[in-house]
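Peer 1: One structure, pasted below without further comment.
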Amino acid sequence: MATYKLLLLPGDGIGTEVMAEVKRLIAWMNSHGLGSFETEEGLVGGAAYDAEGVAISDATMALAQASDAVIFGAVGGPKWADVPYEARPEAGLLRLRKDLALYANLRPAICYPALADASSLKREVVDGLDIMIVRELTGGVYFGEPKTIVDLGNGQKRAIDTQVYDTYEIERIGRVAFELARKRGNKVASMEKRNVMKSGVLWNEVMTALHAREFKDVALEHVLADAGGMQLVRWPKQFDVIVTDNLFGDLLSDVASMLTGSLGMLPSASLGDVDPATGTRKSMYEPVHGSAPDIQGKGIANPIAMLASFAMALRYSFGLGKEADFIETAIAATLDKGLRTADIKSDGTTVVGTREMGQAVIDEVARLAGA
Ligand code: NAD
Ligand code: IPM
Ligand code: MN
């Protein structure tokens, strides 16, 4: 059995709490022959700032570069509200994405049958939902230059963020979306704002050309991103794969999370290109949610997004599809049994903490694996 090197970066707030459950799952898998993982742990975000004065150190970046996958918790919180912009906790996450060239962010929003009543939307709107948001992750307004605040000298300042996309960046994320669609519902909705933004015009043009050239068998529709947000809450099941830029993808995936019941349910995979020489790719797996300062330290955070992110690591980085299925089926079975963390509770269910939910999922994995 191949041994994989994982770099665990718990980060801040509930990042450390949900990562604890992944660590227990990894230990269980190692000791029951379901995988062979070597783990190393590093500091990122506010935790790294407090210890090292930066949101991620060069040494930790080197560990990330050398690992087979990075498993990331969450960063940020009010404690670091006044640290210099360059050292803010979120900068650690952005450096990981940029330096590892993780341009493809896969954010699946699945409404587990047991949670159809946990959404703030009507059951029939979300029941059976299974969409995949493909967010461009290393370009756009997150990284475009100039990005600055200029003092105009007359008591006024000017803040500048720059949205930049090159053809190749749009094409490669489009290819990821079309290829995923072929294995799912064969439909892609490309979301931009070509009516206002030049980057939207190019995005639309490149998607159209790529589709005509390589993916005619997949249905493509172009949706203005604001209308896309509206459609996501009106009738989300019309979508299969949504492909969009860095900022719209950030917003639309938080919207999509509420279709599944809670932000605590949404996992993600951030992937780079496959290296033709080794057949491997750089990757990082993280829940979509943040450090949730409002509930940190209480032991009530939902660990499912984090555990499901680890399942995505098994599937996308290590070809361990069966083991990934075990984890995802175990999550569904745990929910079917009526166990809920506070964020997804409803009448007649049993509310448990982070630790109990993590253990219940591990118990189900054990049952499914016959171990
Ligand atoms: P958040 O995702 O941390 O929390 C939003 C709301 O969702 C809160 O009410 C929180 O309690 C709830 N929530 C989130 N995850 C949950 C879980 N697993 N279980 C139960 N409830 C959960 O977003 P925010 O409050 O806007 O941001 C807090 C900090 O996190 C900020 O510093 C922000 O920059 C950072 N952030 C980090 C990441 C990341 O590290 N990937 C992602 C988003 C936000
Ligand atoms: C996310 C987060 C990050 C983003 C922040 C923390 C930098 O909101 O992963 O969704 O904006 O991409
Ligand atoms: Mn976000």
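Cβ coordinates are placed from backbone N, Cα and C, and glycine is handled just like the others.
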Peer 1: Arg97, Arg135, Asp226 bind substrate according to TrEMBL; which of Arg107, Arg123, Arg213 goes with them?
Peer 2: Arg107
Peer 1: I'd like to know which of the binding-site residues listed (Ala81, Tyr85, Asp226, Ile300) lie near ligand 3, counting only a CB under 6 Å away.
Peer 2: none
Peer 1: May I ask which residues of the same chain, at least 6 positions away in sequence, place their Cβ under 8 angstroms from the Cβ of Ile300 (NAD(+) binding site)?
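Peer 2: Within the chain, Ile300 (NAD(+) binding site) has Cβ neighbours under 8 Å at Thr341, Ala342, Asp343, Gly353, Thr354.
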Peer 1: What's the CA-CA gap between Gly77 (NAD(+) binding site) and Arg97 (substrate binding site) in angstrom, rounded?
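Peer 2: It is 20 Å, counting Cα to Cα.
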Peer 1: Roughly how wide, in whole Å, is the group Arg97, Arg107, Arg135, Asp226 that binds substrate, by largest Cα to Cα distance?
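Peer 2: Spelled out: the longest distance between any two Cα atoms in Arg97, Arg107, Arg135, Asp226 is 26 Å.
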Peer 1: Quick one: which of the binding-site residues (Gly77, Tyr85, Arg135, Asp250) have their CB closer than 6 Å to ligand 2?
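Peer 2: The binding-site residues passing the 6 Å Cβ test are Asp250.
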Peer 1: With the Cβ under 6 Å from ligand 1 as the test, give me the qualifying entries from the binding-site residues Arg97, Arg135, Ala292.
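Peer 2: Correct list: Ala292.
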